[in-house]
Every structure is written in C-alpha cells, then in structure tokens.
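Colleague: Before we start, here is the structure in question, set down as structure tokens.
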Amino acid sequence: MSVRADGRRRAGDRLLAVGIVALEFAAAVSTFVASTLLPVVTAELGARDRLGLLVAGSTLGLFVALPLAGTVLRRLGAGRTLALGTVVYAGGLVVAATAQQAGVFALGQFTSGLAGGLLAVFGISAAIRRLDEALRLKVVAASSAMWILPAMAGPAATLALEHAVGWRWTLLVPVPVVLAGRLLVVRAVRGEAASVTGGERLRPAGLLVPAGAAAMVLADGIWPVAVVGAAFAAAGTVALLPAETARLRRGAPAALAAMTLFAAGYVGADSLITVLLTDGYGVGLARAAVVLGAAPLAWGVTSLVVARIAPERQVPAAGLALTATAVGVLAAGAGTVGFAGALVAWALAGVGVGLAYPGLYLRSTTTVAARGRETVRDARALRSETTAELQPPAPTPQAAQAAEAAASTAHRRRNPETLRDARALRSDTTAELQPPAPTPQAAQAAELATAVITAEAIGGLLGRAGGGALASIDGGLPVAYGMFAVVLALAALAATRSKTPS
C-alpha cells in the first residue's frame with residue numbers, strides 16, 4: 001500500500017471513529033429524552049399498567065434487526081442501508097411522537113429500534129473491519145465519555161423543552177444528531193461495501209427470544225402467559241448464543257454471558273429509574289431527572305479515568321459487583337434512604353459500570369475478532385457450536401483458520417457460499433497492510449458485528465420486558481429492582497471467568 005493510500009485510509013478510519021462516537025452521543029441523548037419523559041408519557045397515554053410495552057418496544061425492534069442486518073447490507077450496500085435506516089428511524093420517532101395510545105407509541109419505538117439495529121450493526125462491523133485494537137479501545141472510552149454532557153444537561157434540558165413545546169416535539173430532539181453521525185460514517189466508508197448475493201436463514205430457536213419478550217409485555221396481568229414467555233425467552237437465549245456461553249467457558253464465552261446478564265440488569269434498571277423515583281420514592285420529576293443522570297455521568301467519568309490512569313487494568317467482576325450492590329440498595333430503600341440515598345446509590349451503580357464495561361466489551365470482541373493466532377483454539381470452539389451445519393474447510397495455516405473462525409456468528413449460515421467468503425479473508429489476515437476485499441469482507445464483518453451485539457441486545461430486551469412486566473403491577477417496582485440486583489450479581493460471577501488464559 002502506498003504512503004498516500006495508507007494516509008487516506010488512516011484519515012478514513014479517524015472519520016469513522018468520530019462518526020461512531022457521534023452516534024453514541026445521539027444514543028445518549030435519545031436515552032435521556034425517553035427516560036426523562038417516561039412518567040409524562042405514561043400519564044398522558046394512561047399506560048401505567050403497560051410499562052413493559054412502553055420501555056421494551058425499541059429494544060424489541062433492535063433485536064429483530066440483528067439477523068436481518070447481514071442480508072440487508074449485501075443487497076443494498078452501505079449507502080442505501082444507511083439512508084434507509086436513517087429514514088425509517090426518524091419515521092418511527094414521528095409515529096411515537098404523534099401516538100394517542102400506548103400500542104401506537106410502542107409501534108413507533110419498535111420501528112425506530114429496528115432501523116437503529118441495522119445502523120448499529122453497520123457501524124460496529126465497520127469498526128471491527130477497519131479499526132485496530134488501540135483505536136477501538138479509544139473509541140470505547142470516547143463513547144463512554146459521550147454520555148457525560150447528556151447526563152449533566154440532558155434531563156434538565158428535556159424537562160425545559162417538555163414544558164415549552166410538549167413531550168411530543170421533545171421526543172424528536174435526537175434526530176439531527178443521528179443525521180450528523182450517519183453522514184460522518186457514510187463519508188468514511190463511501191464506496192466500500194457493494195451488494196453481495198446470498199442470504200442467511202434464521203435459527204428458529206432464536207425467534208423464541210422476541211416472541212417470549214413480546215408475550216411478557218403483552219400479558220397484561222395474565223401471569224401464566226408472562227411466565228411461559230419468560231421461559232421461551234430464556235430457552236431462545238441459550239439456543240441463540242454459543243453453547244460455551246451457557247457453560248461459562250473461560251474467555252470470550254463467559255464474557256458474552258456476563259454481557260448478557262449485565263445488559264438485563266443495568267438496562268432494565270435504567271429504563272425504569274424515573275418511574276421508581278416518582279412512584280416508589282415519592283419525589284418530583286425534576287429530582288428524578290437528576291438521579292437519572294447520575295449513573296451515566298459516573299460511568300463516563302470512570303471510564304475516562306481508568307483509560308487514562310490504568311488502561312491495562314480490567315476489573316469487570318468488581319465493577320459489576322458494585323453495580324449489583326447499588327441496585328440492591330435502590331430496591332430496598334424506598335421510604336428509607338430518600339432522594340439523597342437514591343442519588344448516591346445510582347451514581348455508584350454508574351461507577352461500577354465504568355469499571356466493568358470497557359474490559360468486558362474488549363474481552364467479548366477482541367478474542368474472536370482480533371487476536372488471530374493467540375486465540376485459534378477459542379475461535380475454533382465457538383465455530384463448532386455456532387455453525388453445526390457448516391462443514392469446515394481443509395486444514396489451512398493458523399492465520400487463515402482464525403479468519404474463517406471469525407467469520408462465524410451466533411446465527412447459523414446455511415448457504416454454501418459462506419466457505420468461499422470465509423476463505424476470501426485469508427489474504428487480509430496474512431497481509432494486514434493490504435486493503436480488505438470490500439464486498440465479501442463487508443458482509444462477514446456485518447455478521448461478526450451481529451454476533452458481538454447480540455448478547456447485549458438479548459439482555460437489554462429481557463431486562464426491559466421482564467422489569468416492565470413486574471413494574472406494571474401494584475408494588476412491583478421494588479421486586480423488579482431486586483431482580484435486577486440478582487441478575488447483576490450473576491453477571492459479576494460470570495465475569496470472573498471472562499479473562500482468556502495466557
């Protein structure tokens with residue numbers, strides 16, 4: 001590769017990194033707007049007994065998008081995928097903002113989540129394909145920092161806008177930020193991903209997860225339906241993730257398990273924190289909004305401090321244990337710890353996440369995607385469970401085997417063209433400075449990105465659905481937060497096995 005071409009690629013990588021970080025900022029703004037407005041929307045739509053429907057819609061859409069992302073990228077290419085995803089995302093928010101019923105609001109959130117899932121897979125696939133580990137670590141740290149300003153100003157600004165123009169217009173605030181971030185990503189990858197023929201079939205068991213979550217949020221107090229839905233979702237989770245994940249096999253599988261449990265506990269707790277404060281603690285919405293921003297603010301600051309002072313120190317288990325303890329205090333503290341205690345507890349929960357998440361994320365992604373020869377055995381083990389119907393190729397050098405293993409994902413490929421696509425990656429693993437073959441590698445990177453974020457998507461979906469279902473009943477909020485604390489404690493236990501043996 002010439003010096004000029006290498007310089008252009010590095011500039012494109014930096015632009016891509018900035019775009020990904022900008023989109024994380026947009027996600028932060030969206031989260032704070034939605035969480036701050038949740039009590040207002042609940043009252044406006046008369047949906048106190050449908051909390052699960054309100055909080056789980058966008059995550060359900062995200063999860064449905066994951067197995068579709070690779071096929072969409074193949075058929076449409078990068079530019080069309082980004083354009084379609086952005087338009088559908090904005091359209092979903094418009095539907096939610098104009099809704100008069102909880103079901104229509106949830107439909108709009110589902111639509112925006114569906115589009116957001118496609119866009120997220122594209123962004124992460126581009127990062128895995130193009131950014132080296134050092135730059136990816138900086139992107140993770142900077143992405144965490146993008147939550148600081150929204151955490152400080154987001155809730156107050158959201159309330160001010162809500163008073164000025166109403167919650168419906170306020171819900172549309174994130175759209176310009178999303179458009180700006182997408183534009184940066186488009187410029188970074190312009191002309192890189194062409195259409196690819198072929199597709200993939202869904203594993204039927206994987207459909208149990210969204211079906212089970214939907215049953216939980218639509219049960220409407222019929223608990224046998226909710227319990228059956230939870231069982232279906234749990235079975236689908238075990239079936240969809242690699243077999244070693246359920247067994248907590250040391251290394252990436254245990255990290256994926258911890259990530260799933262973390263997302264269920266923390267995302268579930270975060271989605272309902274303003275309702276817990278207004279209903280369970282009896283504080284006003286303004287004070288609840290202050291508490292809402294405490295955990296993400298602490299998360300972002302902690303991540304920055306750790307990345308600067310001791311980037312090599314990764315303590316996901318200790319961080320998750322701290323978060324579990326703090327959420328347990330919130331569950332037991334209604335009527336005793338008060339506003340100040342809730343503020344401190346939720347801030348400590350964020351500190352724990354800041355300690356845990358960067359290391360856990362890297363352990364979940366780097367082992368499979370970037371360590372090459374050092375993790376051939378781990379990658380082979382993951383491949384053996386996630387591609388049972390795909391016959392392995394003839395023995396090849398280790399670098400080629402690592403590339404082929406990285407091409408496997410938690411969603412089975414049943415198209416024989418997969419073997420050719422995987423073998424096409426060999427040249428890239430043996431000559432890192434050579435530009436990637438755009439068409440097949442773009443598709444394979446999308447599949448890898450799908451596998452990476454599936455664990456978080458499943459956990460977040462189940463946490464929101466299960467917590468929302470419990471919170472919809474009288475006295476159910478403390479029970480929901482007790483459940484979140486237990487799940488986070490289990491995540492801490494799983495994280496103790498997430499470090500790959502040397």
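Glycine is no exception: its Cβ is also placed from the backbone N, Cα and C atoms.
Note that the structure is a prediction, hence the values are computed from the model and not measured.
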Colleague: Under TrEMBL, the annotation transmembrane segment belongs to which of these stretches: 50-69, 450-469?
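Modeller: Result: 50-69 is the stretch TrEMBL calls transmembrane segment.
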Colleague: When you get a sec, could you say which of 105-127, 197-219 is annotated transmembrane segment by TrEMBL?
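Modeller: Checked against TrEMBL: transmembrane segment maps to 105-127.
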Colleague: What residues in the same chain, six or more past the boundaries of the transmembrane segment (50-69), come closer than 8 Å to it by Cβ-Cβ distance?
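Modeller: For the transmembrane segment (50-69), the list is 34, 38, 41-42, 92, 102-103, 105-118, 120-122, 200, 202, 206, 209-210, 213-214, 216-218, 220, 267, 271-272, 275, 411, 446, 449-450, 453-454, 457-458, 460-461, 464-469, 471-472.
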Colleague: Look at every Cβ pair spanning the transmembrane segment (139-161) and the transmembrane segment (284-307), keep those 6 or more apart in sequence, and say whether at least 3 of them are under 8 Å.
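Modeller: As far as Cβ distances go (cut-off 8 Å, pairs 6 or more apart), the transmembrane segment (139-161) and the transmembrane segment (284-307) touch.
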Colleague: Of the stretches 15-38, 225-243, 255-278, 284-307, 479-496, which racks up the most C-beta pairs under 8 Å with the transmembrane segment (319-349)?
Modeller: 479-496
Colleague: Tell me whether the transmembrane segment (284-307) sits in contact with the transmembrane segment (225-243), defined here as at least 3 Cβ pairs under 8 Å among residues 6 or more apart in sequence.
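Modeller: No, the transmembrane segment (284-307) does not contact the transmembrane segment (225-243).
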Colleague: Under 8 angstroms for C-beta pairs, at least 3 of them, ignoring pairs fewer than 6 apart in sequence. Is the transmembrane segment (225-243) in contact with the transmembrane segment (255-278) by that rule?
Modeller: yes
Colleague: Suppose you look only at the domain 'Major facilitator superfamily (MFS) profile' (16-502); what would the mean pLDDT be?
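Modeller: Summing pLDDT over the domain 'Major facilitator superfamily (MFS) profile' (16-502) and dividing by its length gives 74.
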